[in-house]
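A.B. asks: If you look up TrEMBL, you'll see C:204-316, C:661-771 marked as domain 'ABC3 transporter permease C-terminal'. Residues annotated as transmembrane segment in TrEMBL: C:197-221, C:253-275, C:295-316, C:337-355, C:367-395, C:657-676, C:714-733, C:745-766.
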Amino acid sequence: MSIGHTLLGLLEAGPRHGYDLKRAFDEKFGHDRPLHYGQVYSTMSRLLKNGLVEVDAIEAGGGPERKRYAITDAGITDVQRWLATPQKPEEYLQSTLYTRVVLALLTRRDATEILDTQRSEHLRSMRILTDRKRKGDLADQLICDHALFHLEADLRWLELTAARLDKLREAVTL
Amino acid sequence: MTNSPPDSLLTAHDLRKAYGPTHALDGAEFSIHPGEVVAIMGPSGSGKSTLLHCLAGIVPPDSGSITYNGRELTKMSDAQRSALRRSEFGFVFQFGQLVPELTCVENVALPLRLNGSSRKDALRTALGWMERLEVDDLKAKRPGEVSGGQGQRVAVARALVTGPRLLFADEPTGALDSSNGERVMGLLTEAARATNAAVVLVTHETHVAAYSDREIVVRDGKSRDMERSV
Amino acid sequence: MSPRQWIRDLAMGARFAVTGGREGWVRMTLTAVGVGLGVALLLLCTALPNVFAARLKVEDARYDNTYSEKAPPKADNTFLIAATDTAWHDDDIRGRLVEPEGKRAPLPPGVDSFPGKGEMVVSPALKDLLASDDAKLLRERLPYKITGTIGESGLIGSHELAYYAGASGLKLTDVSPVHRLTEYGKPDETPEKTDPVLLLMVLVVFVVLLTPVAVFIAAAVRFGGERRDRRLAALRLVGSDSHMTRRFAAGEALAGALLGLVIGTAFFLLGRQTLGSTELLGVSVWPSYLDPSPALAALVAVAIPVAAVLVTLLAMRGVVVEPLGVVRAAKQRRRRLWWRLMPPLAGLAMLYPLIGKGRKNGDFNQYLVIGGVLLLLIGITALLPWVVEAVVVPLGKGALSWQLAVRRLQLSSGTAARMVNGIAVAVAGAIALQMLFTGTQSQYTKATGKDPSRVQMQVDFSERKPLSGVERDFTGTKGVRAAVALATSEYGDARRDPENSNGLTVGSCTALRELATLPSCKDGDVFVTRTRSHYTTPSNADEIAIVKPGRQLYIDPSYDDAERGIEAPWTVPANVRVVDARKDSLQDANGLLVTPAALPAKAASALFSDGVYLRLDPSVPDSREYIRNAVARIDPLASTYGWSATQEDVKYTSIRTGLFVGSFFVLALIGASLLVSQLEQLRERRKLLSALVAFGTQRRTLSLSVLWQTALPVGLGLVLATTVGVTLGSVLLKMTRTPVAMDWASVLTMTGVGAAVVGVVTLLSLPPLLRMMRPEGLRTE
């Protein structure tokens, strides 16, 4: 995820202090991983350098950094460009799971066991996400669904592979 | 052999069932605790529906034992099993379960009336459950006039209206899109938890299975408990 | 819309029916079998005129004309014939004794060579009967050796019992039933004018029997309609418009109807053979008689497919086939009554001008009769859906099974009504006919004046038999409780050519008491009755004047032109008494009643038996057969008949028999169609039934709901049928100028029969219902 663009986007609503920016980010997108304050600081200085933000005001007081940032016109254009450019879809061609299954087959280990174990693990994650989704608000539901669908895709792959395990064994051990 | 925990609600051991030459069940095991939601998964034709039908006492297995609350299901008469299904179990199927000529609320009230409740009481209780599943505005409609998701929620209301200890759901979201499916599953599990009813959930969709506490996979008529095997 | 496109769409629909996979085939087979049954019955009806003609032809060909004025002289081509008809239990046996008098004597139809003395040729059915174990008594009665069988050309049906026995020495006298003929065959005679009321009955019978068949065929082309609609929805999805879909549906029905014609013809041919070898209500025919008249058969062949298309198009009007499913005009408008009342009212209007015509004012207008009756009966099918809907809509409370049934009926009252239409029409027709028959019965039934509680059988000998011994012959016979023999002779007041002459009856005191009220009686007494029973001028004063004590009379006086009598002189004894004749006297001609001892010995040979009256022992089974055997021993040419209080007009009876035979077939047909549509409905609901059982519904509840679901429309249908039937019956009776009287017993019988058919069908559909409720129905994989 591009933290720079996200912070820029948050600034478009109005000037904020660095601390406010972190809080807003964590609330909306942070989920499991809150932003370090250092990350905010370094990102903002990079954006300042590129002329995408400017310091709106520096408040006097005790805190380490009481700068208030505002977005520049160049910054707005940059956010616009970022949103308009489609993201390159993930290709998932490098799969650790696939590697492990093939290795198990090559070494004549029980690949079914690997698949089933993974399946249980995936489902456990799905259960947690489903539970969280049920208790959370719409934003929670959407982000959980995103994860759930990916996990579901993995699970479908696991099922399909389990069904085709014999053929795969023939193919890789030939 | 699986040693079922002593506090389990329903336990099945070494179930076998053949339809002609096809072995739908070939030594399947199962157990469920009170209030637990267990998903039965597996590829099509693996025997998951047959397992559910056997567990619910709808179809007698060829061999094996099924114990519900200390009573052996396979030794009961058809009438006893019917009575059990009426009072202790609830059912939700994929489709074709609502009586098309009865209104929705009459459909929900049906199990109560089968148990001998008066019409008035049955309708009142039924309406309560329909509110809980957010379909009370459909009470006077016939199943043909409501959407698939609404119909399925009516079916869930009907399954829960008798306060069953065990709910059997066979592909309850099979005919629904994902958002309607989610809604049905959410309401179903929530209601089941609220009444401490256990749920046996047959599905081939993992995101539906994710509503469960535990998963059992059926392959070629054999069951596998995914938690215990880990 | 161009006819070409019509044909293309119909053909397309027909192809869908054929290539529609297993389900399509099942549907088409159901329709075809249903239509086939109807077609077979229609073909049978078209063959009926031929049956009558063929039977009449045989009857005419073998007719032995005994009414000719003068017997021809004995010649090379003459033969003697005597009727020896008898009966075995309830079956009549046509019997003839034949004796050829020359080489060129003609053979009876169907017979190859004359049986010799003591031999006989028999019909196949009689041969089988004689060979059966329980026909020992009949074998005794017909002790002839079987030398051949009578061919088809000499019999009116495969089950007719008939024989020709060879005889020799038959005597042709004035009184014997022996006749001399030169040929068989009925002389031409002017046809009798048919009674208009009987003709009316025949018309009504046909309409009443055929209308349910038509209703049935209309129902048959709609078998499995719900599945078909689903298939049509798929066709809409790939781009056919709603008009095309309707024509596709019609095409499918057309294919079913055409196949039905083929199957119907096959049924008919099979049925023809079966009917040729069975007997129904004493009527049997030969398969060759059952030849449909070509014009009528062609009409059936054209009308059925056309009707199939029309009925389907009509039925599809209420159905909107959308690409993603079928909307059966979901929120149906309530059915309107006014146009549904039109057909029955129009029917009544057509019959109205015929009211009060009676038998004497010429024939009834056939078109008005057929049209009127048809419209009234068809009116039931229009009214019934409305009635069912009107009654069912406000219902709903009650037991669960009741609720399930009522709700189902509310949703599809049309289907329910359709199922019952056939039976309602049949019952209404039957009630009307029954009223017509009962009402006019008295016009076609004559009282015989005989009291079967007094005498059950009467024997008339073919020749004069001496009185002595006749009574004894019978009192010894098994099954006879009492036998009364009467003898007659003649007396006159002179030895030759008497001025006054009269008959006298001789019998024992017991026998005479059956004729007159005797204050006392001992052998040797003589009575003369004050009145004569059954005479228009009952007074017997003239005879009382002649029979005065001491007067010289002569028994069996001689006349100029005849052979000489016995001329036994008899003085009227002093103890002659005047008595009252019984109103229910066994004989008409009772005037002078004499006990045997009162006559001189010489008179004995002048006495001839004048019938033996038998009272039977009800505890002896087959008593009638024993008596017939005894009679055959004493006098093979004697006629024996049972007494009954009334006698029905033969034509009237045969129309009624025809109605019973026809009703049997129609009810069987309707029962079959009910069963098929019931099973069809159950199959459509298989999944639901399984689900209901899964959550613990008792089978009893479901079975009961199925029963209610049938019983409710049937009950309503029968009520409507009774109303229409009674109305039609009253109108028909008014037309024949017969007072309208309600025969509730027969109304109840008819509705009961209708209800029984439905009951049987419900019972028969229970096993499949129970099977469908088995949980296997839930399996989808």
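In case you wondered, yes, glycine gets a Cβ from its N, Cα and C as well.
Because TrEMBL annotations are produced automatically, they should be read as predictions rather than curated entries.
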A.B. asks: Go through the chain and flag residues at least 6 beyond the ends of the transmembrane segment (C:337-355) whose CB is under 8 A from any CB in it; none is fine as an answer.
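C.D. replies: Tertiary neighbours of the transmembrane segment (C:337-355) are 364-365, 368-369, 371-380, 382-383, 385-386, 724, 727, 731-732, 734-735.
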A.B. asks: As a quick check of your reading of DSSP, tell me how many residues in the domain 'ABC3 transporter permease C-terminal' (C:661-771) are helical, how many are strand and how many are coil.
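C.D. replies: DSSP composition of the domain 'ABC3 transporter permease C-terminal' (C:661-771): 98 helix, 0 strand, 13 coil.
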A.B. asks: Sequence-remote contacts (6 or more beyond its ends) of the transmembrane segment (C:657-676), Cβ cut-off under 8 Å?
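C.D. replies: Sequence-distant neighbours of the transmembrane segment (C:657-676): 30, 33-34, 37-38, 41, 44, 205, 208-209, 212-213, 216, 219-220, 223, 280-283, 419, 422-423, 426, 430, 433, 437, 753, 757-758, 760-761, 764-765.
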A.B. asks: Can you say which of C:295-316, C:367-395, C:745-766 has the most Cβ pairs under 8 Å with the transmembrane segment (C:253-275)?
C.D. replies: C:295-316
A.B. asks: Are there residues at least six beyond either end of the transmembrane segment (C:745-766) with Cβ under 8 Å to its Cβ atoms? List them, or say none.
C.D. replies: 420, 423-424, 426-427, 430-431, 434-435, 438, 667, 670-671, 674-675, 678-679, 682, 703, 706-707, 710-711, 714, 717-718, 721-722, 725-726
A.B. asks: Suppose you look only at the domain 'ABC3 transporter permease C-terminal' (C:661-771); what would the mean pLDDT be?
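C.D. replies: 80, rounded to a whole number.
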